[in-house]
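K.L.:
Pasting in a structure now, in structure tokens, and then I'll have a few things to ask.
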Amino acid sequence: MTSHLLKAEIHCHLEGAAPPALVVKQAEKYGIDTSGFLRDGQYVWSDFAEFIQCYDAVAQVFKSDEDYAVLTETYLTELAEANTIYSELIISPDHGDRIGLGADAYLAGVAEGIRIAKEKTGIETRIIVTGERHFGPERVIAAAEYAARIRHPLVTGFNMAGEERMGRVADYARAFDIARDAGLGLTIHAGEVCGPESVADALDLVKPSRIGHGVRAIEDAALISRLVETGTVLEVCPGSNIALSVYPDFASHPLKALSDAGVRVCISSDDPPFFFTSLAREYALAADAFGFNDAEINRMTRTALECAFVDEATRERLLARLGDA
């Protein structure tokens, strides 16, 4: 049992955390037919491309800043109830623009949900702005420029997500230069759908402190040595990897092998209801499927806090809470 352990999550896409029950309620509010992507309380998709389409359909039921405040508060409250003390939410200003809300109002809604959740539960949260790779380099660069320009106190990181097979990392490197120059923490999705070469490209061209997923690095011993040497943290999401058939089962998943090799790893839920999981389940899997003991799981939580995109005073406060638990 891991319910008693304090938890931290640094890889979760906000719209991907939308509970099906909330999506149904939102769809009724706006008269949206959900039958194409939500049936019997579960999201419907069969491969990565369909997952992206389903994700986008779910996101369409959130149309106002108030909607985003409700979504954010709902998810963070769920995390807090599972003993989570820190969360980073990945959001896309592109989505705010596409639905006609605008990036500023979209961000304001998320920030309000964070405020309410912290007031209710004490959970600490930061925001990672992401560019969507499948929209092309110009849109990813625009997302980085927005994150750099907005100077929002809760926006502390920049990411690139989306279809990993779209374009070369080099095509998007300028976006990360912009974010780095603005003082934002850097993370990038790599080594999930694509192999270890995508992780190597990320290290060479982006030089992030963290990599989203990165599990395919296990296929290259030299790359593993490099990750150990650089101390780059892998944001590992086992339930997501199984659901998307990156690995056939947990016995095949390399989380334990990565940890045993000395790679810094932590665990997150990615898009939890899409992958029939939750952060609480990911922590339980760490024990039940991978054989980590409480001390080893706490070490992964400590890693998440050590590499979190927060100011040092907040980091020390969070680490002290973990140390006192």
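Cβ coordinates are placed from backbone N, Cα and C, and glycine is handled just like the others.
Feature list, courtesy of Swiss-Prot:
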type     : residues                     : note
ACT_SITE : Glu192                       : active site, proton donor
BINDING  : His11, His13, His189, Asp270 : Zn(2+) binding site
BINDING  : Asp271                       : substrate binding site
SITE     : His213                       : site 'Important for catalytic activity'
K.L.:
With Cβ-Cβ distance below 8 Å and at least 6 positions apart along the chain, what are the contacts of the residue listed as 'substrate binding site'? List them in sequence order.
P.N.:
Cys12, His13, Gly16, Ala17, Phe51, Tyr55, Ser240
K.L.:
Pop the Cα-Cα gap between His213 (site 'Important for catalytic activity') and His189 (Zn(2+) binding site) into the table, whole Å please.
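P.N.:
Between the Cα atoms of His189 (Zn(2+) binding site) and His213 (site 'Important for catalytic activity'), the distance comes to 6 Å.
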K.L.:
Cα-Cα separation of His213 (site 'Important for catalytic activity') and His11 (Zn(2+) binding site), in Å?
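P.N.:
Taking the Cα atoms only, His213 (site 'Important for catalytic activity') lies 9 Å from His11 (Zn(2+) binding site).
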K.L.:
Can you list the residues of the same chain, besides His11, His13, His189, Asp270, whose Cβ falls within 8 Å of the Zn(2+) site's Cβ centroid?
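P.N.:
Same chain, not in His11, His13, His189, Asp270, Cβ within 8 Å: Cys12, Gly16, Ile90, Ala161, Gly212, His213, Glu235, Cys237, Ser240, Ser268, Asp271.
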K.L.:
Comparing the binding-site residues His11, His13, His189, which residue's C-beta has the most other C-beta atoms within 10 angstroms in this structure?
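P.N.:
Sorting the candidates by Cβ neighbours within 10 Å, the top entry is His11.
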K.L.:
Cα-Cα, whole number of Å: Asp270 (Zn(2+) binding site) versus the residue listed as 'active site, proton donor'?
P.N.:
12
K.L.:
Going by a 10 angstroms cut-off between Cβ atoms, which of the recorded positions Glu192, Asp270 has the sparsest surroundings?
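P.N.:
Among the recorded positions Glu192, Asp270, the sparsest Cβ neighbourhood within 10 Å belongs to Glu192.
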